[in-house]
Amino acid sequence: MSKIKPSKGAPYARILGVGGYRPTRVVPNEVILEKIDSSDEWIRSRSGIETRHWAGPEETVAAMSVEASGKALADAGIDASRIGAVVVSTVSHFSQTPAIATEIADRLGTDKAAAFDISAGCAGFGYGLTLAKGMVVEGSAEYVLVIGVERLSDLTDLEDRATAFLFGDGAGAVVVGPSQEPAIGPTVWGSEGDKAETIKQTVSWDRFRIGDVSELPLDSEGNVKFPAITQEGQAVFRWAVFEMAKVAQQALDAAGISPDDLDVFIPHQANVRIIDSMVKTLKLPEHVTVARDIRTTGNTSAASIPLAMERLLATGDARSGDTALVIGFGAGLVYAATVVTLP
């Protein structure tokens, strides 16, 4: 019987560079209030969001990804031709096939890199990071580009008081490559499909295609609404506050890291109240820098963690070599948490 030759990858993997792209247009809460009965004070108190970025016609999922990836490659000092795989996490690329990752890989100038999309909602970056780590250690790619990108403004119902203010657009990317020491810890991830209805698309694409007005939601003028993201806010809040803090602690335990050892906490930027509650539950020391990028970026789903990471490093609130806990959670419901060394 023939034996398969063992793969030869790196001993460990690490994040080597990070980049972000935020669309030019900044949208304050006042714009959101044009179509919902609310107030700037209420939006800020409930979510922490003051502004968000919305993409223009030329700021496509691919275009934003290329911009963020170029910055990540420059930060890592790696030429695109050395990228062996491109992993894109998104829920807002509307073409079912081909994967947008293939276009991004080509536009960046990779040398026929493997390229594919994944859909894991707001946990997508963590899923992509886990896949990238596995590829580097297994040996199927020396360097992997992981991208979280969203145009959630395309999936926002501006007449839905519960969600109209939440979502923003943008792209974040990291380069994952070989390391001689552990720099991406074990991933604690999973799903709770029994809660799938708590965050979902209002109408499936097949129902929207049929166009039976009697079964489709209508706007205030009687027009059929484009499918949008909806959520049961209180149910999601309770799940995130009580269950995701447990997952975050499990990730710390798996990495052999205590809260006192942490330098930075980068949770998915879903809601500032969720973030603050997790900090309290985890009993994080005051010296731990906590990402609150949501204030000016909004909830960008799969892009939120790399965007927040990029901003912390750019502003000096976090430093290269810092130990950071990252956790994403969202539609599915799904989650992924790990401890990383910042690039």
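Every residue number used here counts from 1 along the chain in the order it is shown.
Even glycines carry a Cβ here, placed using N, Cα and C.
Among the ranges 124-128, 149-153, 269-273, 314-318, the stretch that Swiss-Prot annotates as region 'ACP-binding' is 269-273.
Counting same-chain residues at least six beyond the ends of the region 'ACP-binding' (269-273), those with a Cβ under 8 angstroms from any Cβ of the stretch are 46-49, 122, 236-237, 240, 291-295, 297-300, 304-305, 307-308, 329-330. When each of the active-site residues C122, H268, N299 is scored by how many other Cβ atoms sit within 10 Å of its Cβ, N299 comes out lowest. When the alpha carbons of C122 (active site) and N299 (active site) are compared, the span between them is 9 angstrom. Distance from the CA of H268 (active site) to the CA of N299 (active site) is 8 Å. Under DSSP, H268 (active site) is assigned to coil, being neither helix nor strand in the three-state scheme. The secondary structure of C122 (active site), as reduced to three states from DSSP, is helical.
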